[in-house]
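For reference, the structure is listed below as structure tokens.
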Amino acid sequence: MEPSKQEVPKLMETPPNISNDSSATEKGEATRQQQLPNNRYALTVDEVIEQHIGALGFAQILHALLVSIAWIFDAQTTLISIFSDAQPAARLLATGAIVEGASLCGLASGEWEWIGPKSDTVVSEWNLICQHKFLVAVPSTLFFIGSLFGSGVYGYLADSWFGRKKTLLLSCVLTFVTAFAISFSPNVWVYAFLRFANGFFRSGIGSCCIVLATEIVGKKWRGQVGQYGFFFFTLGFLSLPLMAYLERKSWRNLYRIISFLPLGYAVCLLPFAYESPRWLLVKGRNKEAMVVLKKLARLNGKQLPADLSLVDPIPERDDQTSSSEKFWKTKWAVKRIIMVMMAGFGSGFVYYGIQLNAENLNFNLYLTVAVNALMEFPAVFIGSFLLGVMNRRPLFSNSSYLAGFACLLCAVLSIHRVIRAISVAKWLQLAVEAVGFMASSTAYDVLYVYCVELFPTNVRNTAVSLLRQAFMLGASAAPLLVALGRESAMMSFIVFGVASVLSGIVSLWLRETRNAPLYETLAQQGKAEEIENETIMIT
């Protein structure tokens, strides 16, 4: 059966000088109803949500909160190295004077000591200074490289064999195993290997969380729901300075504490989450998809019509292998994912780089990280509001520009003679860095939501996972630049600033998706966008 034509936004995948009239989308989609035998009719999942369940109700909010809790552990696992791999303060034994990290290299081992026990961080325990200073960047770099590879594996599993929910469960359990194992590392090389494994296994959390949360809400609320999920990432980030301060004498205990949280979530809370009805439908499990939709409707105080069926998005059922092959053979999809990944590389590089670079500011590490974490809250609020009133493309690009310019200003404020000339330079640098981090956080979060809307259901998790791979590839380069920043903070901020501006420029060639429908298959989306482009060319 062929669905009747839907009204789609008149947008074209070109640089942003082409205006678009979003008011056309506000007229709503024409209801598509397919008459079936026995007086039954079929709707798409989008239509069932909009017409019978509600675009956003108690059920969707509760479900989004439930699956988004896992972002807490993702943040803790990702950013723990800010504290576990930091270089602690040292002092001269003769005078008790504080010694800068670079100055230790000219001293004999008996002339100085770490302030506090050697178990504070991996740097003090294994003496990763001077000729070994770049070794401290290896574990974090391998963590993000592991996340890069893991994202591809989890994306395939979530779109094919396991679905979103089981993949999230698997990722949480394996995150616990590897994080707990890290606390027993005997040397930096075992530590680095286990960080790689930890990054690999935790990489399924983020993509599954955002897809599970957004696939059951109406198109008007997709951006906001995707953004609100990042509140939990912020909570995880904000919890780190407190936990790190309480366990500041043992980086091993810090790892043990954060390791048990994802296990508790996987056992106690995740079983109550629903699998995505869109994924169930694409896999031919129509009855299970209807069961989930009925539960959502019931929680919203509504009931689905007894004669309702779901439109099969794949009349001739393909297996996942053919869907993956079609993804890489579909020209518009490949072009789009390349641009998304290019923007994601710069965004991930800057977002994680600013956080890891906190120790290179002229400020207290715990306070700096806490300020950065607090800036995530206005970033989410502002991003959520702007997603409701602005197009995705300019929102991402402008946020990237702001983050880039803030980093460049931080570079100027890092010059020693500027710090000496301006008495409030340290506070000003912290404020500018916080604004830059807020902007980079907004860009990072918006790009997640943007990617969800750019691709259809049968490859959506794969696309989001590829974006995460780009994020992680960018993030894997950040620790090396942070290590360089210990010698030249100005240089690290300059590189972060340029990368952020470039990622914003790349995004200008992405298609706008605000208020556009979510399609189920590549063929369905390609056909709709082709008709849309032809219409624009005619008009």
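Every residue, even glycine, has its Cβ placed from backbone N, Cα and C.
From a predicted model like this one, the values you see are computed outputs, not experimental measurements.
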Membrane side match, T95 / A489, Swiss-Prot record: yes
The transmembrane segment (464-484) versus listed stretches 53-73, 134-154, 225-245, 257-277, 490-510: most Cβ pairs under 8 Å: 134-154
Env. residues of ATP site, Cβ within 8 Å of mean position of A213, T214, E215, I216, V217, G218, K219, K220 Cβ: I49, A55, L56, Q60, W221, R222, V225, L518
Mean of pLDDT values spanning the topological domain 'Cytoplasmic' (219-224): 82
The transmembrane segment (225-245) vs the transmembrane segment (395-415): 3 or more CB pairs under 8 Å: no
Cβ neighbour count within 10 Å of E215 (ATP binding site): 23
Cβ neighbour count within 10 Å of I216 (ATP binding site): 23
Mapped DSSP class for I216 (ATP binding site), helix or strand or coil: coil
